[in-house]
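Lifted from TrEMBL, the feature list:
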type	residues	note
BINDING	20, 52, 84, 98	substrate binding site
BINDING	20, 21, 28, 99, 100, 101, 109, 134, 135, 136, 137, 138, 139, 140	ATP binding site
DOMAIN	16-144	domain 'Cytidyltransferase-like'
SITE	28	site 'Transition state stabilizer'
Ligand code: ADP
């Protein structure tokens with residue numbers, strides 16, 4: 001075990017759930033709630049990824065995550081723009097949480113987890129299987145539906161639904 005990850009008796013188990021969360025869906029929220037039960041602290045952290053062009057700004061995504069997790073006392077929301085393992089070292093976190101929906105997710109996640117292990121052996125990635133109810137659900141699907149003003153109330157919390165409505169105001173121009 002790496003020196004900087006050594007934990008004494010009674011020390012906190014801190015997990016980080018990193019992602020784009022553009023925007024947070026019921027699929028993410030399900031993982032957040034389940035992970036929060038397993039660890040002392042869960043930090044949900046929005047990756048500030050300059051190569052993707054997101055619908056919501058990092059600040060908006062953080063704000064929505066805070067709103068939908070406000071009933072979970074051991075969950076905090078943050079953002080980062082760094083190597084994940086370095087960010088985690090600074091936060092004294094030892095566990096990465098990721099969700100798996102499909103074989104496609106698995107292949108990508110295996111690559112990410114192996115890379116992170118290569119960079120820092122003291123960090124463990126723990127995968128949580130999707131709730132089958134949400135196995136088809138992704139932020140991109142939600143955005144696609146919202147763009148054409150379809151119903152998303154079964155896919156995202158009300159605060160996110162409202163935020164999507166504001167982004168995709170029907171164009172009243174002729
Ligand atoms: P990223 O760009 O990092 O993949 P996402 O916001 O798309 O960010 O996803 C963050 C994490 O949440 C990933 O591990 C993804 O597999 C997981 N996830 C997304 N949607 C679901 C869902 N419906 N059920 C379970 N896990 C999910």
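Using N, Cα and C of the backbone, Cβ positions are placed for all residues, glycine too.
Note: TrEMBL annotation is automatic and uncurated.
Shown on the structure are the features that TrEMBL records.
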residue : record                 : DSSP (3 states)
20      : substrate binding site : coil
28      : ATP binding site       : helix
52      : substrate binding site : coil
84      : substrate binding site : helix
98      : substrate binding site : strand
109     : ATP binding site       : helix
135     : ATP binding site       : coil
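For residue 28 (ATP binding site), the nearest neighbour among the binding-site residues 52, 84, 98, judged by Cα separation, is 98. If you check the binding-site residues 109, 135, 137, 139 against residue 98 (substrate binding site), the ones with a Cα inside 10 Å of its Cα are 109. Nearest to residue 100 (ATP binding site) in space, judged by Cα atoms and limited to the binding-site residues 20, 52, 84, is 20. Rounded to the nearest whole angstrom, the C-alpha distance between residue 84 (substrate binding site) and residue 109 (ATP binding site) is 14. Checking the binding-site residues 52, 84, 98, 137 against ligand 1, the ones with a C-beta less than 6 Å from an atom of that molecule are 98, 137. Listed binding-site residues: 20, 135, 139; maximum Cβ neighbour count within 10 Å falls on 139. Taking every pair among 20, 21, 28, 99, 100, 101, 109, 134, 135, 136, 137, 138, 139, 140, the residues recorded as binding ATP, the greatest CA to CA distance is 18 Å. Recorded residues residue 139 (ATP binding site) and residue 52 (substrate binding site) have their alpha carbons 13 Å apart, per Cα-Cα distance. Taking a C-beta cut-off of under 8 Å and a sequence gap of six or more, residue 137 (ATP binding site) has these contacts in its own chain: 25, 26, 27, 101, 155. Across the binding-site residues listed here (84, 100), the residue whose Cβ sits among the most other Cβ atoms within 10 Å is 84.
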